[in-house]
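Student: Dumping what TrEMBL says about this protein:
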- 16-452: domain 'Major facilitator superfamily (MFS) profile' (DOMAIN)
- 17-38: transmembrane segment (TRANSMEM)
- 50-72: transmembrane segment (TRANSMEM)
- 84-103: transmembrane segment (TRANSMEM)
- 109-130: transmembrane segment (TRANSMEM)
- 142-164: transmembrane segment (TRANSMEM)
- 170-191: transmembrane segment (TRANSMEM)
- 202-230: region 'Disordered' (REGION)
- 202-212: compositional bias 'Polar residues' (COMPBIAS)
- 213-230: compositional bias 'Basic and acidic residues' (COMPBIAS)
- 253-273: transmembrane segment (TRANSMEM)
- 285-312: transmembrane segment (TRANSMEM)
- 324-346: transmembrane segment (TRANSMEM)
- 352-374: transmembrane segment (TRANSMEM)
- 395-417: transmembrane segment (TRANSMEM)
- 429-451: transmembrane segment (TRANSMEM)
Amino acid sequence: MDPSPQNAVNWRTHTTLLLLALIYVFSYIDRNVIAILIEPIKQEFGATDTMMGLLSGLAFATVYSLLSLPLGHLADKGVNRRNMVAVCCALWSVATVLCGAVQSFWMALLARMGVAVGEAGGMAPSISMLSELYPKNRRSLVISIFMMGPHLGLLLAMMVGGWVAQEYGWRSVFMLFGAPGIILAVLLYFFGIEPVRESSAQKSTAHANNNAGEKDSTNEKNCVAEEKQAEPEAKPNVSLFSQLSSIIKVPSFIWLGLGCALAGTAGYGYVIWAPTYLVRTQDMSLAQAGLLFGIASGVSACLGSVFSGVLCDRLVQRHFRWQIIIPMLGILLSFPAGIGLILWPSDMNMELLGYSLSPSFVFIALFAFFNSWWPSLSYAAVSQVVNSSQRASAAALLNLFLTLFGAGLGPLITGGLSDYFGDNGLADALLVTFSLFLISALFYLFASFVYKINDTDDLAQEDDTTSTSNVIDTQKNLTESKYQQGENHG
């Protein structure tokens, strides 16, 4: 459904998009910067690798997954989403700063769980807001811009975080990246806008037309009669279980969720372990690996995210199933790029326009470009298959698939396979993990067969517009009739 007049696109709309995108950038930084700080934290607290795995992945993913669904449902029930995102952003930013002040491993674990609590309420309400702030023909591009957050976050976390940790210590990194989120939360609260919910916009239009007819008592009766037909029925207070049950019954959502879970498992496993692979196999220092991976992956992924959004917005005008086909193609093309990183000889440089390029840089950039296609377009697709009152819950449920299976299990599975394969086992582990992309693409193919856009809100708006037109016509006819009677009497 296109934005109502109350949600007309203007400078405040774009300001809200910018603030939400920046908040998501720092959300991803605060969530993942710990990946490059594992070694100094481990040494200071005398922790084991298992304990650091708990701190960096599973504990965060579990808390995040448990809270994202109820918070997403809360956003759908009418809570002010702008304020909700602002409060959650402030919460996880403060928790990130506290990560730099902890004095023990268990205090660090609690602070990380605080980060997860805050971030659980940021993603889904943001997607819901953007879906109502912009019309359908711009929605894929808008969400793609928003979904550049993880890629920019990865770039900053790898490059800036590594340098700050080396120069000023790991505690300074948390404080540096936590503080901006507090400022962004305040800016969103004062300058962001909460879009008028679609059902509310329809009621407001009907009410305005009713007031226009108050000058004539006969008109008023007709307006009331027409308004009762035009006004959408009030939605019942739906429970979280009922909401999720309704979403899960959408066939395309199930296939998209399964596809995202597998693609996320392969993708997160790659993101966490690729820098380590470069260190182990190509004699790079951690700083060198972080710089190469951050630049190649961050910049290329941003370009890929915007490119896929523009491409999708154009192709869906020809057929709506391109909304599923394009992310499926991105997943399929990510597979050979990942395989190339492992199998291409590291000492065999590539030539491009007379320049010699490191094969690692090329394949990391290609992987990031294509792998950025499917997350943003999947969220955009999900927002189309449910009605407006379910968008935040649907985004939260899809985010659950990505976080629990991707961030929670992806690095764990890849590391476990590396231990299982023994010496130089990380390469084999990554190859096995990459195979999940093929199964994921198959699930996206199944989703494309059953993908249907939910037009409930559009039909409601059309009915409301028709009824409003009828009210205006009735008023006009009655006024003309009364005027003619006055002339005849004269």
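Cβ atoms here come from the backbone N, Cα and C positions, even for glycine.
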Student: For the transmembrane segment (17-38) against the transmembrane segment (170-191), do we get 3 or more Cβ-Cβ pairs below 8 Å once near-sequence pairs (under 6 apart) are dropped?
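Tutor: The answer is yes, given that the two segments have at least 3 Cβ pairs within the 8 Å cut-off.
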Student: Give the nonlocal contacts of the transmembrane segment (324-346) in its own chain as ranges (CB under 8 Å, at least six residues past its ends).
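Tutor: Tertiary neighbours of the transmembrane segment (324-346) are 252, 256, 259, 263, 266-267, 270, 274, 277, 281-282, 304, 308, 311-312, 315, 358-360, 362-364, 366-367, 370-375, 377-378, 381, 427, 430-431, 434-435, 437-438, 440-441, 444-445, 447-448, 451.
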Student: For the transmembrane segment (142-164), could you work out the same-chain residues 6 or more beyond its ends whose Cβ comes under 8 Å from its Cβ atoms?
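Tutor: For the transmembrane segment (142-164), the sequence-distant neighbours (Cβ-Cβ under 8 Å, at least 6 residues beyond its ends) are 17, 20-29, 31-33, 35-37, 126-127, 130-131, 133-134, 172-173, 176-177, 271, 275, 286-287, 290-291, 293-295, 297-299, 301-302, 305-306, 308-310, 312, 368, 372, 375-377, 379-380, 383.
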Student: If we call contact 3 or more Cβ pairs under 8 Å (sequence gap 6 or more), are the transmembrane segment (50-72) and the transmembrane segment (109-130) touching?
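Tutor: Contact between the transmembrane segment (109-130) and the transmembrane segment (50-72): present, because at least 3 Cβ pairs are under 8 Å.
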Student: Is the transmembrane segment (109-130) packed against any residues at least 6 beyond its ends, judged by a Cβ distance under 8 Å, and which are they?
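Tutor: Answer is 16-17, 20, 23-24, 27, 30-31, 34, 54-55, 59-61, 63-64, 66-68, 71-72, 74-76, 81-82, 84-85, 87-96, 98-99, 102, 139, 142-143, 146, 194-195, 379, 383, 391-393, 395-396, 399.
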Student: Please indicate, using numbers and ranges, the residues of the same chain that are 6 or more beyond the transmembrane segment (285-312) and have a C-beta under 8 Å from a C-beta there.
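Tutor: Apart from its flanks, the transmembrane segment (285-312) reaches 36, 39, 140-145, 147-148, 150-152, 154-159, 162-163, 166, 271, 274-276, 278-279, 322-323, 326-327, 330, 358, 360-361, 364-373, 376-377, 380.
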Student: Restricting to the domain 'Major facilitator superfamily (MFS) profile' (16-452), what is the model's mean pLDDT?
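Tutor: When the pLDDT values over the domain 'Major facilitator superfamily (MFS) profile' (16-452) are averaged, the result is 83.
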